[in-house]
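Just below is one structure, and these are the notes that go with it.
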Amino acid sequence: MSEARRDSTSSLQRKKPPWLKLDIPAVVPPAAEEPSFLQPLRRQAFLRSVSMPAETARVPSPHHEPRRLALQRQTSITQTIRRGTADWFGVSKDSDSTQKWQRKSIRHCSQRYGKLKPQVIRELDLPSQDNVSLTSTETPPPLYVGPCQLGMQKIIDPLARGRAFRMADDTADGLSAPHTPVTPGAASLCSFSSSRSGFNRLPRRRKRESVAKMSFRAAAALVKGRSIRDGTLRRGQRRSFTPASFLEEDMVDFPDELDTSFFAREGVLHEELSTYPDEVFESPSEAALKDWEKAPDQADLTGGALDRSELERSHLMLPLERGWRKQKEGGTLAPQPKVRLRQEVVSAAGPRRGQRIAVPVRKLFAREKRPYGLGMVGRLTNRTYRKRIDSYVKRQIEDMDDHRPFFTYWLTFVHSLVTILAVCIYGIAPVGFSQHETVDSVLRKRGVYENVKYVQQENFWIGPSSEALIHLGAKFSPCMRQDPQVHNFILAAREREKHSACCVRNDRSGCVQTSKEECSSTLAVWVKWPVHPSAPDLAGNKRQFGSVCHQDPRVCDEPSSEDPHEWPEDITKWPICTKNSAGNHTNHPHMDCVITGRPCCIGTKGRCEITSREYCDFMKGYFHEEATLCSQVHCMDDVCGLLPFLNPEVPDQFYRLWLSLFLHAGILHCLVSVCFQMTVLRDLEKLAGWHRIAIIYLLSGVTGNLASAIFLPYRAEVGPAGSQFGILACLFVELFQSWQILARPWRAFFKLLAVVLFLFAFGLLPWIDNFAHISGFVSGLFLSFAFLPYISFGKFDLYRKRCQIIIFQAVFLGLLAGLVVLFYFYPVRCEWCEFLTCIPFTDKFCEKYELDAQLH
């Protein structure tokens, strides 16, 4: 048996190449005490070398003494609320959450407001500023290595970034050239624990790409005018998994055996992987071998270290040495070909099936983070950071993460759906900027045809009319409060109706309720009580007011006029009679005639007129077949629609302040809002989150509508004009908060100011409310200072932020309370205010907003 072992050993020695030398480090006896500063190693895969055979090594875990858990008091509800409120407003003492928000803010600022200062660019490590730095990471704590593995501790990552991999012979400028590894082909322990290592970001295994995602990618490529094949990265052979030369296992938790262990940015990783051939280390051709042997320069060949400047340009890690080539049967080892290898990067988790197909799709949907102050508007206005930014501010920018714009998507869906339904139900009004007139011959209440004219304001937004928008929920003061002018107008009309009577034609062909002046004395009889003998009695006396066509307290059964519920003397307070006892044979002229006119609510100011149905339909009014007097109907309830008033005499639809934010004047108006939301609003929501943006959006819109209802009470206004200008105010606040880190803040300010002034000038057109713009902008400015966290430039800024939150919240509440008082208790009548929101270039360019303008 021993002889067979000697034969086997000699056979192995004969097969061993002469150049192969095995240097196995001696095992150092375990020390009596393990170093306390070492970090325990959780996974044994980190101690396995790729260049050595994979053996099962047992690493003893460090001994931990059992510790008793410290008793802690449960946090009180007051402290929890206080801490949560501080975190929400961005004034928490938790440095992690504060730095995370501040880093995100600066990153957003770099995309929106232009170039940063030079010192910021040098110190800031953003994805858009890819500079190779060997001193960008901190030194990770060393891993705990068991006693049996102490002989393999010195494994140096040649190009690992950070102070953990610098030697004592660093140059004076703080940089040093990378050292070659002691064990070629081995994975460095520090590579796995470094913050720059790909092992800290192990991706989970994903499912194969769905048909829907591939269809969406193809549609996106066609929209961009590209071919579907151009949308993917070029590959050698199309396969759903990476060849075995990268990694042998399909799915690994941590790398046990790696050929290479150097990693770079994820973007470079996928880009490089997709361009490699199937086999990275292919055998060169004979002609290529001859050329390599003749090459005079051997510095850049296999095994040679790249120059530092070339490394910084490529941003890639050095590949490790190729393995030894198998000896030919001739007995001599074939010369190692000097092949310049591509700078490859292998993912720590290993390639997976479907990776080559998923890479272009991820690039298609990839979105860069929004640097604080440099969002979409910042890119349009060429904003940049300063050259120097404090490291504390820089960390705040880096820690910021983008939010998902849920509120923007929900708002866009609601706006689109409501606009489509409104146009489909109420139709489209005449398109234009002036007034549209319609003339036709219509049967009037006297029984003859007359030429009448209907005037309607044109809508250049391609949408419904003003009456339809009011019925849908537009901002309209007479529907939100008891307007003094409208109420006085209704009372005056009732006073005239109180002295009216039924005008009966002599041939009994018809009758209508009218005044004495409108009733012909030759062709008709004006049945006026108590002069006419048909006057009934009330408490022993003749009634002084009446008669009413087709209504008499003596013949009405429901509701009956019986003591103690007799109908009052004033006919404007009579109820609607739903059932008569005698029909048309009462021997009373005002009851036996054919009525030709009933109440019709015309216009948007509560005007009621007793007329024929044909005329009411032509004027697009609300005809009341059941009533005989205008006092028996409530026209404002018909005009406003929605929920009925609690008191028919007092409108109370205050919810129009926020309901109108979801309505639009037309299709074009909705498209403008959608474009604004998908650009500016979506960009800001990524910065602040949906809850903050929703608060600013809704409160700014409500404040803008409230101011518009005060100064333009008789104008129907829809759309989120105040909300959009409140969002524009957020851009100004973001600019002010990032003023210290921008290279040219004044230029960015004037560009943004020019955009806002242009939008204010655009508000001088009809159907656009500048009062909502101004009030929404001012309220949005206050709310942004209160609810938008920002970059902190020191401890003083933290206290300033707390004072800022309290002050601006108090100012906004004061502004809102003042507007509420003006609207409900001290109405303001401003005759020149309409010129601020619409300049009448012609007589018919602007709609007349005064009360008497629409009365025909």
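Along the chain as shown, residues are numbered 1 onward.
Including glycine, each Cβ sits where the backbone N, Cα and C put it.
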From ASN131, ASN584, the one Swiss-Prot labels N-linked glycosylation site: ASN584
Swiss-Prot topology check: SER434, CYS846 same side of membrane: yes
Outside the transmembrane segment (774-794), six or more residues from its ends: residues with CB under 8 Å to it: 89-90, 98, 101-102, 105-106, 109, 372, 390, 392-393, 396-397, 688, 692, 695-696, 699-701, 703-704, 706-708, 721-730, 732-734, 737-738, 740-741, 756, 760, 801, 804-805, 808-809, 811-812, 815-816, 819
Tally of DSSP helical, extended and coil residues in the topological domain 'Cytoplasmic' (737-747): 7 helix, 1 strand, 3 coil
Tertiary contacts of the transmembrane segment (657-677), as residues 6+ beyond its ends and Cβ separation under 8 Å: 408, 411-412, 414-416, 418-419, 422-423, 428, 459-464, 469, 472-475, 480, 698, 701-702, 705-706, 709, 717-720, 722-724, 727, 767
Tally of residues which DSSP labels helix, strand or coil - the topological domain 'Cytoplasmic' (795-804): 10 helix, 0 strand, 0 coil
Per-region confidence, the topological domain 'Cytoplasmic' (678-692) (mean pLDDT, whole number): 91
